[in-house]
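Residues or ranges marked as Zn(2+) binding site by Swiss-Prot on the basis of sequence analysis: 10, 13, 32, 35. The ATP binding site feature in Swiss-Prot is assigned to 142, 143, 144, 145, 146, 147, 148, 149. Per Swiss-Prot, domain 'ClpX-type ZB' is recorded for 1-51. According to Swiss-Prot, the region 'Disordered' annotation covers 53-76.
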């Protein structure tokens, strides 16, 4: 074996011989055992299609729920109503009624589109003249206000595949980074590589504002992670047949790709769009003739959200989004910033609230954990000052409970912990861990 053999790679997926079980050599090319298996699967699928797939049994490796989803017919009685979807979102996300309504209606209509397409395929629907077009959604709001959580919560209740992608990793084709087709690969993986299921799915693209072009005017240099990505997303948002590399990464000419039709995939985009309210305000006028005047006691964040409710497509263009992209995301919902009251509710009210999580953790050590109302208020006030939304809550509680979580598993004499405002402000929980015998005894009558 020559000294160069250790650098041999599969000509199809690019994996080295150390990463695979077997590497087979041909005239100037190499193929690994994984790619051979993939080719066999593709040939088997084509054989099933030509010989009548309906008469063949489902593969043993296919989950039963996927077989049911593909064989079952969607009907209006099976589709969750917008009120039902919003009610479920209310159990997990505090506030944001407008965004919840927009998402609930969009998801409900997405289900109805799928039901109509299914009935057309079976020949049951005679009204073929009317075609329902999908309405992609844009969520705008500050960091930590629940945009991503809304999407993640939706994923738990939907009977269609749901994937979350990050726009910050995307670049234009041919440059270092991920191609936009990798977004579809995530959806395909959620659907267990079932193309038919993936084509009915929903994709949430987070941090979409990070692909805004760097300036409003065209530049002589290429903006490969901004306008270039927006251009690459256009056809995918509208509906096209995209070639997705099964192993991810960059596409190359000799690679077998999976074709996915995005016409029936619903896209939800979310971003903070920092500074967009200033663009809207400038259009409305200066000082006294602006859209929204500061109310008494109104915070800067709340006023910014009120200003954004007057958003127009031209404002997004000035921010850095191209007109073609905006036209493919017609529904816009503004997500409100979280005030102290909302942050306090987030600590206790959702089904998986932060306080409930810590109570469950300590209960496993036979310790009852309680937070006094003024302690919860102090945590919410500090989180509000940090300006990072609900994400700050976990950091504060983690700092507060570190010593308690460290000591309690080794202590059998502590059965109850009550957190007070003073403990939150001083970041000291030492008195929670004091041995009962060292506490001053009450005077006898």
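Positions of Cβ are set from backbone N, Cα and C atoms, glycine also.
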Going along the chain, which residues six or more apart from residue 143 (ATP binding site) have their CB under 8 A from its CB?
272, 388, 389, 391
Tally every other Cβ atom lying within 10 Å of the Cβ atom of residue 148 (ATP binding site).
17
Please tell me which one of the binding-site residues listed here (10, 13, 32, 35) sits closest to residue 147 (ATP binding site), measuring Cα to Cα?
13
Under a three-state DSSP reduction, the secondary structure at residue 32 (Zn(2+) binding site) is strand
Can you give me the same-chain residues 6 or more apart in sequence from residue 32 (Zn(2+) binding site) with a CB-CB distance under 8 Å?
10, 12, 13, 15, 17, 20, 21, 22, 23, 24
Confidence summary for the domain 'ClpX-type ZB' (1-51), mean pLDDT rounded
77
To the nearest whole angstrom, what is the C-alpha distance linking residue 148 (ATP binding site) and residue 35 (Zn(2+) binding site)?
35
Quick check on the binding-site residues 10, 13, 35, 145, 149: which one has the highest count of other Cβ atoms within 10 Å of its Cβ?
145
